[in-house]
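Among the features that TrEMBL reports, coiled coil is placed at 180-218, 242-376, 678-712. Taken from TrEMBL, the feature compositional bias 'Basic and acidic residues' applies to 1-30. The compositional bias 'Low complexity' annotation in TrEMBL covers 464-478. The feature domain 'Dynein regulatory complex protein 1/2 N-terminal' is assigned by TrEMBL to 82-183. What TrEMBL lists as domain 'Dynein regulatory complex protein 1 C-terminal' is 651-710. Residues or ranges marked as domain 'CWH43-like N-terminal' by TrEMBL: 731-908. What TrEMBL records for 1-61, 424-482 is region 'Disordered'. Sequence annotations record features per position, and here TrEMBL assigns transmembrane segment to 752-773, 794-818, 830-849, 891-911.
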Amino acid sequence: MEGNSKGHESSSDANDRESRVQARRQRIEARNASIDDETRKKKQQVAESKKMSRGQQQIADSLNQLDRRKLAGIQHVTSIRVQADDTENRRRVEEEERRHKRVEKLQQEAIDSGAKNAAVEMRWSDLFDYSMPQELHRALGAQNQSCTEILASKDALIREFQNQLKGKDEEYVTSLKVQSEDVEKLIERMGQQYREMQEEYEMELDQMEEAFLKERDELIATNKLEIDSLFEKRREMEMIYMEAKQARDEQYLKEIEDLRVRDAEDYNELKIKLETNIQTLEQQLEEMRATYQLNTEKLEYNYRVLTERDMENSATLSQQKRKLARLKDALSNLIAKYNQTDTRDRHQNQELTEEYRRITKQYKDLQKKYAHFEASDTAKFDEVWRMHEQEAIEKLEKLLSADKIIHEQQLGLTWKAPAQSIRNWNHDGRAKKKNELSGATRADGSEHSDSATQPHSHSHSHGADSASASSEGFGDAEAPPERKISSAKLKHMLKMLAGEAGFLVNGNVQQALENLPDDEAELVKADMILRALGVDNEEDMERLLGCFFQDPRADVPIEYGNSSGKDGAPQLAPTTKWGLLVQPEDVIRVIKQFVDEMNAQKRVAPMTRLLRRASAAAVHGDGDDKKGGGNGNGGNNAAAIKAKVRKADKEYWDAVVKVLPPRTIRVMTALEKGLTMYNQVLLRRKELIDDVDALRQQNAELKGLLKQYLAAPINEDLIVPPTQMQMYQSRHVYAGGLTWPYFSDMGREPPAYYVFCVGLWCVAVSLFLTWYFNRQYQNSVLTKSIQLGHTSPVIRRLSFFCCALGMLSVIGLPVLAICSTTEYPSVHSNAAYFFFLLETVAVLINTFISFKIYRAAQQHNDSTVFVSVDDVEGGPAVRKNLRLPSVRRTFRIQAVCTFVFVIGFLIYFPIGLSIIKPFKHLTIDECLERNLGTHYCTVDVRLNSTATKLWNYEDDLASTQMRAGGQLTCVLTLVGYSISFLSHDYDSEDQADDRTTATTT
């Protein structure tokens, strides 16, 4: 610590010396420059005096004279400081020489003591070689003698430094006396200089005043002559302007007369033109009336012709109605025949449907049983697989983790993970393959089911009942779609098929359809066409509808789907609104394309499903798998997939076994040998550690014995017992290098801590009560003022908000006191910011409210007189408002305190935070260098291995000290602001309530 402080002193002395030399040079240059400037100024003054006025010349002369007197006075005053600086410079040079000698002594002492300590340390190891107690005693005595010599040399050096320190104290007292004499002499010279300068200023001011008076008289005479000449010029210019104005007026009158004549001529021409246009328009009107009369006669003739035609159409309509009645009779006969045939076919269709459902249900039950047994067997196998696989993966992960640790920590090599993670080798891949195999098997079964259902779907039924039976047969096997097929689009497609592909219907059926209504005939024809195309389920229907429309399931807009023509068909434009892709002439081409796709799909469906499900487990298909289709081929594919799954399982377990390459195993063997040797070294180190623990135990026993001695009753008889010295060191308070005034970091150890906490608690309670009673006072005053109309109700609500902020802010003071900067620095800082921010807002608002109360009281005082009852007989006695002086006094105190408080707050919060540097913790070494106590620095305030909980503000001491001063200013100003509340004149308020008020006009 001393070496660092001395180095800092030497650097600061060198800097001071250089700064003094530089300052002396600057003063000499300034003095020489001032002499040259005076000579130059004298020459310039002679040249410029002719140009300057009398007053300006006198001012320049006076300023020059004052500057000369100032310079002489400054030199006379600063001579004392120059002498003091010279004396201080010589003292510092001598002190620097003495400091170098002290450093040399310290270094020599450090070298000597280091050599002696090294000799003592070297002899400690020789003590273990002695086996006889006498020899060990003599050796310990020699060690004790060496240690005593080392301590004696250090004590001698300490006594020498203490003597020098006493001499420093005496020198300091002498320096204080000399400085006191210099200061008194300096003050005396400054007073004398002030008096001389005051007299000189008075004399020069008198001379300047006299010069300005003379100059004023001269200027008045000159200006008077100039003004007379200007007035004469003005009269001449007014005469010239008046003559010119008369000439312009005559010219303007002439131009106006010419313009009036020209406008009259233009008006006559326009009138003649408009009359001609009116006559032309009247002729055109007569022509249009004749044309309208001719059109009326033509319309009457056309109306008579249409009436006769309507009578002819009525006769034709009655004839057609009679024909329609005959046709309806024939239709009823045909419907009766159709119903008989339909009933017979419906009954037959129902029987076939029931038989189909029964067979389908039996087949599904068989499939469910097969799937159940297959799933149970697979689940059991998977459980056994997972159990062994999980155990193997855990062991592999442990092995790879150990391999990574050995590579990175023991060998210092970069560990490379396997190309594929172990977790990706789990049973999911195998399960996926197995599921694909079972899916392929089920697909074969579903194909057989489909082929079994197809012959039945072509039952010879008529009308919509056939389609409904077919949909019921497939309804059990398939889940209902999320969106149904658009009925309007389906109907439109069926009409297009019936109109363009009617050749697909049998000739006998076409003859039978001629006797049916058009709607029913189209429906039956469309059903027969769908049967011919092989569309027997909803999926095929949707696929066919997709060939005609972009989105078969898209709904048709309501306004289009509900509009219908005479025959009930929707009248809309499907090509533009529904997404129609096919025109009527392209229907045949689309049907052929659809049939080809259906046939191709039925041929390759079984093999396509098998390949799609086996693609994840096997290499892309063999040539034989792509060619065949049928039951035998599906079985061969399933067997091939099973073989590939078994092969993949074998490769999986081979990869598990060979997770570590042979090279890694060889490295592990060599590492095991090295670690065995390292283990032997650690065992030897353990024995040495046990010896060290034994020595530590002995040291602890010695410490306990020392504590016992310190606790002995004999210590109470000592003037300064050792226990008190330890308590003093442990209770030492370090304020981060701050000096007074600092506020937040003082009193962090008992009993000062308790005083600090109790003091801030008392301040908090006082502020809380002060704000509360201030609220009561303002409420009563503002209520009366509002009733009289002198104040707005918003001020009263603002007063409540202000007092609430003030009472809420006092919470920060107890938190600030309890949470110290060493234990809770962030809470301490936030509590301080919380308190001062809310108090700032509350103080500003309260001062504004006090100003409003003062203005209201002033207005009330100006407009109100008080009449005493005792003076009624003798006449009204007018008294002024007694509340106004107290309100004025309160507002002035608060305004001054607010101004000072805001300045302190700006210094503490925005300005201080913007310029301050981040704080650092005091290190343990710095704490020990400041003699704060070893136990206090290493145990009581220890933060980590290198730092303490204390803060070091010495790196930015000026800014921190400035913020501390601003903080203390804010607190003291708040106390003064609180005292301003006591200046309220409550008695005058009560007296004012008892008086009778009368408004003056």
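Note that Cβ sites are derived from N, Cα and C of the backbone, with glycine treated the same way.
Sequence-distant neighbours of the coiled coil (180-218) (same chain, 6+ residues past either end, Cβ-Cβ under 8 Å): 53-55, 57-59, 62, 65-66, 69-70, 73, 76-77, 80-81, 83-84. Long-range contacts of the transmembrane segment (794-818) within the same chain, counting only residues at least 6 positions beyond its ends with a Cβ under 8 Å from a Cβ of the stretch, are 744, 756-757, 759-761, 763-765, 767-768, 771-772, 774-775, 778-779, 782-783, 786, 827-828, 831-832, 834-839, 841-843, 845-846, 848-849, 852.
In this model, the coiled coil (678-712) carries an average pLDDT of 86. Summarised by DSSP class, the composition of the domain 'Dynein regulatory complex protein 1 C-terminal' (651-710) is 56 helix, 0 strand, 4 coil.
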